[in-house]
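Colleague: Sharing a structure below in structure tokens format, with a few things to ask.
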Amino acid sequence: MVPNYSTEETVKRIHVDCPVSGRHSYIYIMVPTVYSIIFIIGIFGNSLVVIVIYCYMKLKTVASIFLLNLALADLCFLITLPLWAAYTAMEYQWPFGNCLCKLASAGISFNLYASVFLLTCLSIDRYLAIVHPVKSRIRRTMFVARVTCIVIWLLAGVASLPVIIHRNIFFAENLNMTVCGFRYDNNNTTLRVGLGLSKNLLGFLIPFLIILTSYTLIWKTLKKAYQIQRNKTRNDDIFKMIVAIVFFFFFSWIPHQVFTFLDVLIQLHVITDCKITDIVDTAMPFTICIAYFNNCLNPFFYVFFGKNFKKYFLQLIKYIPPNVSTHPSLTTKMSSLSYRPPENIRLPTKKTAGSFDTE
């Protein structure tokens, strides 16, 4: 739906160029249902991850700090999801006021940037820990990790400011309903292009290239170590995991990014056909479901590969309190890529297998 704005009242009155685009009865049922499932699984899962990492693992590793913040970022988004489920179920009628319109929209944007930035930092941390285990010890400290997370939250907040400023409620005259959307001046294309392309570039393309490069270099390093030892009985799970992480990230986010770019073209009136607009508006909520279902699974995807996490997760389920005496043993095996190869395998850098630990 492409809005045209007509007055300067408290609640702006708009005219939608393609009023029926994206408005299908099955969307009003399917999307809220999926949102509800994501909300339940995400709140439950990410809350458990936060409790296990903070209370049982005690933030003893750099990776644990990134994973904790990743779970917190997802929780920030998830608490706004019931609003979007209700909004869709009510056929895009927004009854929650202008303030919640801004905050809920900012929550989506904030989670996008915070999660992607944290995943990028986690991939860089894995690269440093595995490829440069000795040189990176000085840089990979708990203090640096905490400062990095603070910077990421600030950057995500700054990136979300345009959403807070320009997202408002409007009354769509030809739809006879109040909607939550962006207001674009007809002659100002900078904001339209900027918001869309920043999501494409900063929220996907650049982080993905960094993640892909990091895990590719990790894969080459581990492969070289195996080739030197000629160990035919090696375990290739680490290679499969690296490939899975990259492809899972890419294929979960690429649909939403493509349709975001098409939406920019619609806002710029490069695409004016209402049939194409209907396709974009119809597909957009489903691409959001795919993207954020991936985000909610990220903590599980990374953490459940850690041996210690499974133990503490079971303790939490059985209401067994954390054992303080076990804390010193938690400095390793935190993240999904903290990998310890067989003892007879050494990296070409002449470091022992212990250099694969997460510290």
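Cβ from N, Cα, C; glycine included.
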Colleague: So, in Swiss-Prot, which cysteine from C101, C121, C149 is disulfide-paired with C180?
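Modeller: Of the candidates C101, C121, C149, the one Swiss-Prot pairs with C180 is C101.
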Colleague: Would Swiss-Prot have N174 and T221 facing the same side of the membrane, if we go by the names of the topological domains it assigns?
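Modeller: For N174 and T221, the topology recorded in Swiss-Prot gives opposite membrane sides.
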Colleague: Can you check which of N187, N231 Swiss-Prot annotates as N-linked glycosylation site?
Modeller: N187
Colleague: Based on the annotations in Swiss-Prot, which residue of N188, N323 is described as N-linked glycosylation site?
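Modeller: When Swiss-Prot is consulted, N-linked glycosylation site appears for N188.
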Colleague: Where R167 (angiotensin II binding site) and N176 (N-linked glycosylation site) are concerned, what is their Cα separation in Å, rounded?
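Modeller: Cα-Cα distance, R167 (angiotensin II binding site) to N176 (N-linked glycosylation site): 19 Å.
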Colleague: What does DSSP give as the helix, strand and coil breakdown of the topological domain 'Extracellular' (269-278)?
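Modeller: In the topological domain 'Extracellular' (269-278), the DSSP-based counts are 5 helix, 0 strand, 5 coil.
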Colleague: Quick one: average pLDDT across the topological domain 'Extracellular' (1-25), no decimals.
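Modeller: Averaging the confidence scores along the topological domain 'Extracellular' (1-25) gives 55.
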Colleague: Are there any residues at least 6 positions away along the chain from F182 (angiotensin II binding site) with a Cβ closer than 8 Å to its Cβ? List them or say none.
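Modeller: F182 (angiotensin II binding site) has long-range Cβ partners H166, R167, N168, L191, L195.
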Colleague: Measure the Cβ-based neighbour count of N176 (N-linked glycosylation site), defined as the other Cβ atoms within 10 Å of its Cβ.
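Modeller: By my count, 8.
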